[in-house]
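Q: Take a look at the following structure, please.
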Amino acid sequence: MAELGELKHMVMSFRVSELQVLLGFAGRNKSGRKHELLAKALHLLKSSCAPSVQMKIKELYRRRFPRKTLGPSDLSLLSLPPGTSPVGSPGPLAPIPPTLLAPGTLLGPKREVDMHPPLPQPVHPDVTMKPLPFYEVYGELIRPTTLASTSSQRFEEAHFTFALTPQQVQQILTSREVLPGAKCDYTIQVQLRFCLCETSCPQEDYFPPNLFVKVNGKLCPLPGYLPPTKNGAEPKRPSRPINITPLARLSATVPNTIVVNWSSEFGRNYSLSVYLVRQLTAGTLLQKLRAKGIRNPDHSRALIKEKLTADPDSEVATTSLRVSLMCPLGKMRLTVPCRALTCAHLQSFDAALYLQMNEKKPTWTCPVCDKKAPYESLIIDGLFMEILSSCSDCDEIQFMEDGSWCPMKPKKEASEVCPPPGYGLDGLQYSPVQGGDPSENKKKVEVIDLTIESSSDEEDLPPTKKHCSVTSAAIPALPGSKGVLTSGHQPSSVLRSPAMGTLGGDFLSSLPLHEYPPAFPLGADIQGLDLFSFLQTESQHYGPSVITSLDEQDALGHFFQYRGTPSHFLGPLAPTLGSSHCSATPAPPPGRVSSIVAPGGALREGHGGPLPSGPSLTGCRSDIISLD
């Protein structure tokens, strides 16, 4: 009961900040006014007074009144009424010394002030910094020292001084390296580190909030802030050592001063230390890792057997295990396979790439399982070293239940390579062949080049007109022949007869062509071009033609967009057509559709024009003007 009364007295002397810390530590609501917080704290003390809560109350009270802690005997004296003596005291009551009274008892309400400054933290606590793999410590310039904070102000300031010995100065100067851009760097550096003031385990680097550092009166650059993880969060700097060598006085006679400013936090203290270190490279760490030796392959085989051992309680059993020989970091073949002792997987990563990545940004995280993989726990796997030396043509292996392995070669699927289809101006035409072997038909391929003809060739060498005799019967299709793919300059079914009449260029140039507008839009560069000027170099020949396909009729229909042809256009052709062609050309066979250009000037049968009544054109066929 005496201890409970002592704890109650301690709680009643707390301020709002101590009450909030106590309630937050116990997981209770810490919002409200002081009397509400005090009632919650007393209820906590009566309901569940756990040992951790009791220790927290005593810790807060020691921080609140660091000089004197009241004991049970002192509390009994304070509980007696004035002028009375305790039981068994023969003499009169002696006055209670002021040091035994709590500061709150000497002052009235609302006059709570700190009568004594808080007890300073130890200057050199037993704080040890966690060693950094890329730095080798040569000397300790400032031992881990507490950044003392007072409750009187928000921002704190501390001053430190250190000096270099002549030997240390010589080491720093001889390690200077000139870098591109008129900069210099030192392999041996003066390193400043911050951490939490905790003695339970080696501490990692940790910056106080709102930190500012001045070395010899010059502001020291600090690592940039990390992006906040959530909105409203206070930005933090990445915790890493600070190189203050460029700002230090490299002299054995002049000391160096450090001024640190930071924001104090309730219940959290920080520590500062300065070291003389030598910076190492990834290659040096790789050599040190090789010097540690290669782990026995039997360890990995035992791990494989353990993973592949069948579980009697499980219905699914793993009989094999595939492992890649490619590094998950660089996607290249492993050269120095390593992994951490804390990793439970067999997959290894390349030690050289892992060290190079941590040299740029020290995270020391396993790329396979994303767990911590510090440099001290890295080992080189001897089993993978044997596999890499004996199997150089595969990138994946498979482990068996007995610890053996076999290479996994990729399956090569035979794929037929199809020739890409030809797109362009050049085309192929298969000529029909009668009978014969089908293999010979495939070999006979005629390649047609559509780009050999140009306007310049036409102007230099005008094409000669070929005249063919008129045949009255249709050409029968060859038996067994395939379809013919036709393109420009292919022999068509239009057969020409010898020239029967000529027509001068002056006649064509005098035709009133403006009466027949084109049925399709023409470009501006073609509208002003005289197309008939190309036809005046040679007189045109006319002859009867036999149209043996409906496609050519449609082509002529698009060529003659007009239906009624003026008599003055085809009038001069009537005598020639009537006298020479009608008697020489026999009538078309039944079922053959032909287009006849009559003197009356109309396309018949195929184009729906009126038929002439004269007997002179019976059985005659029209002449087609050949422009090629």
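Including glycine, each Cβ sits where the backbone N, Cα and C put it.
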Q: Tell me which range among 230-240, 450-460, 483-493 Swiss-Prot lists as region 'SUMO1-binding'.
A: 450-460
Q: Which one of Lys8, Lys183, Lys307, Lys331 shows up in Swiss-Prot with the note SUMO2 cross-link?
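A: Swiss-Prot records SUMO2 cross-link at Lys307.
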Q: For the feature region 'Disordered' as recorded in Swiss-Prot, pick the matching range from 282-302, 534-554, 576-596, 597-617.
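A: Per Swiss-Prot, the stretch marked region 'Disordered' is 597-617.
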Q: Going by Swiss-Prot alone, which of Lys412, Lys444, Lys482 is annotated as SUMO2 cross-link?
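A: Lys482, according to Swiss-Prot.
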Q: Considering the residues Lys40, Lys46, which is the one that Swiss-Prot annotates as SUMO2 cross-link?
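A: Going through Lys40, Lys46 one by one, Swiss-Prot flags Lys46 as SUMO2 cross-link.
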Q: Please find, within the list 19-23, 134-138, 349-353, the residue stretch that Swiss-Prot describes as motif 'LXXLL motif'.
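A: So the range that Swiss-Prot calls motif 'LXXLL motif' is 19-23.
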Q: For the set Lys56, Lys218, say which residue Swiss-Prot annotates with SUMO2 cross-link.
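A: Record lookup, Swiss-Prot, feature SUMO2 cross-link, residue Lys56.
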Q: Do you know the mean pLDDT across the domain 'SAP' (11-45)?
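A: Computed over the domain 'SAP' (11-45), the mean pLDDT is 84 on the 0 to 100 scale.
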Q: Could you count the residues of the domain 'SAP' (11-45) that DSSP puts in helix, in strand and in coil?
A: 25 helix, 0 strand, 10 coil
Q: Would you kindly give the Cα-Cα distance separating Lys307 (SUMO2 cross-link) and Cys366 (Zn(2+) binding site), rounded to the nearest Å?
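A: With the alpha carbons as reference points, the distance is 20 Å.
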Q: Drop a 10 Å sphere on every Cβ of the recorded positions Lys46, Lys56, Lys230, Lys307, His345 and tell me which sphere holds the fewest other Cβ atoms.
A: Lys230
Q: What Cα-Cα separation, expressed in whole Å, is found between Lys230 (SUMO2 cross-link) and His345 (Zn(2+) binding site)?
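A: Checking the Cα atoms of Lys230 (SUMO2 cross-link) and His345 (Zn(2+) binding site) gives a distance of 33 Å.
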Q: Using the Cβ center of Cys343, His345, Cys366, Cys369 as the Zn(2+) site position, which other residues in that chain lie within 8 Å, going by their Cβ?
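A: After dropping the recorded site residues, what remains is Arg339, Ala340, Thr342, Ala344, Gln347, Val368, Asp370, Lys371, Ala373.
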Q: Taking the Cβ of Cys369 (Zn(2+) binding site) as the reference point, list residues of the same chain whose Cβ is under 8 angstroms away and which are at least six residues distant in sequence.
A: Cys343, Ala344, His345
Q: Can you give me the Cα-Cα distance between Lys46 (SUMO2 cross-link) and Lys56 (SUMO2 cross-link) in Å, rounded to a whole number?
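A: Taking the Cα atoms only, Lys46 (SUMO2 cross-link) lies 15 Å from Lys56 (SUMO2 cross-link).
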